[in-house]
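Enquirer: In case it's useful when we look at the structure, here is the feature table from Swiss-Prot:
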| type | residues | note |
| --- | --- | --- |
| ACT_SITE | 410 | active site |
| BINDING | 52-53, 130, 176-178, 196, 201, 242-243, 263-267, 273-274, 322, 492 | NAD(+) binding site |
| REGION | 1-20 | region 'Disordered' |
């Protein structure tokens, strides 16, 4: 019997200004869905896998075809409903309603486990959407580069007087998310040693210039790091190996990185983490024949790696969990002090979230890189005093290879996002850009996620697990007129550990779009300021007052 999730076809998004659908509001999700499966973008496009273990864009290839066909015929007053990658209904709504509403991987809490999800997945009843895979706004590794860069820069400020020259970062994983780490480290001025078990992933990062060199030898990797740090160079190297074996070996040798983290796909014990002593081929085969055995071996290996990370932490080396839930896995394996070292959000990112600052991203539906160059210039024009952001845009232009449709990410917050969106829409209207722009974000944002082991770890008021906030965010984005809105479960940290929402809005140059953009790109980050103000963060309370937010039970207005 053929596998409904495997097809050798090659999918690429259309380019240019010719419509395949009835309007740009349906053309936009069509192109971004297809862009998610572009072989230059997705990790395993023939299996519909975009990134993050088994994060898919559609449940089956038949579902993909039906989504495409439906988007091509969808009217301006209709909304498509997508349930875990399957197009289940089209309903009449109105012109300002979202054209697509997506719910992926959501399970009733008591049943929200990998075992139960995998049973449903095997029966074809569910799909893991990760964050931006099933919500059709993944832009390749660039999507996480700036967030990782901001994290490393802040770590440098806190631990090394703001200077990472001559320092090096140890990490693991070069997949769709982890692949950003070597480039982000270099941009921040540091060297990076990234351990990756799957050589094809390392080769992909080499081709796209996200990593500088590759080796199979730990000794060679360490020699290179020593050479570069002594010379004050910022370069990166991928070491083909297993992080669960390499990290303890480094501890044993007394090697001292300057920062330690990890971004393997530990959130998914079956599909995301290679057990100690296994080959990649053996691992792939047993994912199908013995998934529970794989998970058991992977969890035991994660415990070994986390113990090594604790050893680094106890030796005084800054060590953080980069949001893959590896500490939780180790804790469940009996490592009682697994959470002694912090997650990256409470350690470095939360002050940004308090101002609604997060991963604002956009893609040029024209396919023309010049459209991104023009929008980069517009960002600089509208935010003239944000020199840190200007520096990021300059580095991104020089170092980041576009994957699929040209795109850009830059971290901006409440008060700036709507200004940029309206400016982009005006550029489409007056012909400066060759086709419309879509604006979206990662689900990792200030008001759109509840994830007690990542984005909402160690909240000031103890509200880490309260998931009303992403639900309210999705509802408000729907009411505000986003072009498509998504509500997912389990992204980043795995089943049972997160709920999160996403939105995308199309700048098609119309005056109607001005109204939608103004609402969505104000309200979306405002929910993040609201959420953090409610938790008692002074930065968020001050920013809410400064921006004139009406928060009755929080500000008394």
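Every residue gets a Cβ built from N, Cα and C, even glycine.
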Enquirer: Can you tell me the CA-to-CA distance separating residue 52 (NAD(+) binding site) and the residue listed as 'active site', as a whole number of Å?
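Expert: Their Cα atoms are separated by 22 Å.
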Enquirer: What whole-number Å value do you get for the CA-CA distance of residue 265 (NAD(+) binding site) and the residue listed as 'active site'?
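Expert: On Cα coordinates alone, these residues lie 24 Å apart.
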Enquirer: Using Cβ atoms only, which residues of the same chain lie under 8 Å from the residue listed as 'active site' while being at least 6 residues apart in sequence?
Expert: 146, 360, 361, 379, 389, 392, 393, 396
Enquirer: For residue 273 (NAD(+) binding site), write down the residues of its own chain that are at least 6 apart in sequence and whose Cβ falls under 8 Å from its Cβ; none is a fine answer.
Expert: 244, 264, 265, 266, 298, 301, 302
Enquirer: Please list, for the region 'Disordered' (1-20), how many residues fall into helix, strand and coil according to DSSP.
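Expert: Helix, strand, coil within the region 'Disordered' (1-20): 0 helix, 0 strand, 20 coil.
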Enquirer: Note down the number of other Cβ atoms within 10 Å of the Cβ of residue 176 (NAD(+) binding site), including every protein chain shown.
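Expert: Other Cβ atoms within 10 Å of residue 176 (NAD(+) binding site): 29.
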